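Since the structure comes first, as structure tokens, the remarks are kept for the end.
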Amino acid sequence: MGPGRRVRVAKCQMLVTCFFVLLLSLSMATAMALLHLEDRFAVVSRASVDSNPWEAVHRWVFSMGISLAGLLSLGATLSAAATMREAPGLLATGFLCFALVFCSLVQVAFWRFHNPTQVEDAMLDTYDLVYDQAVRSPSSIQWPELAAIQDTFLCCGKRSPFQLLGSREADPCRGEEAAREDCLQSIRSFLKTPQNMAFMLTSTGLALMVYAMLLSSFLCFAVRSGRGLDRRGKYTLTPRACGCQAQEPSRFTLSQ
């Protein structure tokens, strides 16, 4: 396979990769929109407890996801345009965007590996704070917030090995609500799907970023070395100064 054919194949692969990167960006933006608008996330974020643990995690995850989605869209758009126009500057900018996303995803994967339950613990801690303050003071603002959380998750109370019979913790779960699932278990079950989705997006993003960086660096070096496809058949004329004086053409006569 000649150099020109290799460049042509790399350009086709780069365009296909940019399409999948755009799909990944759209998926990530959709996931962040669901994270921001989903009722079960929102009702825990609105809990008015001191130093709400879930609110800080929620804000960090949302900001990180939106930033990564924007970088992915920018990198894919610049790389696609640079591939069509064979612009090494745009290819370098697209490579920088992919490199930033790759470093961010590596940091996210490292954080998830060392703190696999931090997101779950933040939501559980927030519910614990609301629950404890509500059962201690039923007239406080935490009591309707606790009811809203339990109605949203369709759960009631929390089962603890330290719970005493006849304690005030049984107050939120009376009548039909007593048959509901434990809220701690309900929260854990709900978070499994978002966590699996985050793992899938992170793994796909890492694989795509590695492949996109390899393609963009290869195309950048190929264009700079003059092996671009669009340069074939294009010529430029540059005027050159000539110090020669014009001479009249000599005349010839034929004599018989």
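From the backbone N, Cα and C atoms, a Cβ is placed for every residue, glycine too.
Since the structure is predicted, the reported quantities are computational estimates derived from the model, not experimental observations.
TrEMBL lists 57-78 (among others) with the feature transmembrane segment.
The transmembrane segment annotation in TrEMBL covers 90-113 (among others). Beyond the transmembrane segment (90-113), the same-chain residues lying 6 or more positions past its ends with a Cβ under 8 Å from any Cβ of the stretch are 64, 67-68, 71-72, 74-76, 78-79, 81-83, 198-199, 202, 205-206, 209-210, 212-213, 216-217, 219-220, 223.
Residues annotated as disulfide bond in TrEMBL: Cys155-Cys183 (among others). Listed in sequence order, Tyr127, Tyr131, Ile149, Gln150, Phe153, Cys155, Cys156, Gly157, Lys158 are the same-chain residues at least 6 apart in sequence whose CB falls under 8 Å from the CB of Cys183 (disulfide bond).
Using a 10 Å Cβ-Cβ cutoff, Cys156 (disulfide bond) registers 23 neighbours. Residues annotated as disulfide bond in TrEMBL: Cys156-Cys173 (among others).
According to TrEMBL, the feature transmembrane segment maps to 198-223 (among others).
Listed disulfide-bonded residues: Cys155, Cys173; maximum Cβ neighbour count within 10 Å falls on Cys155.
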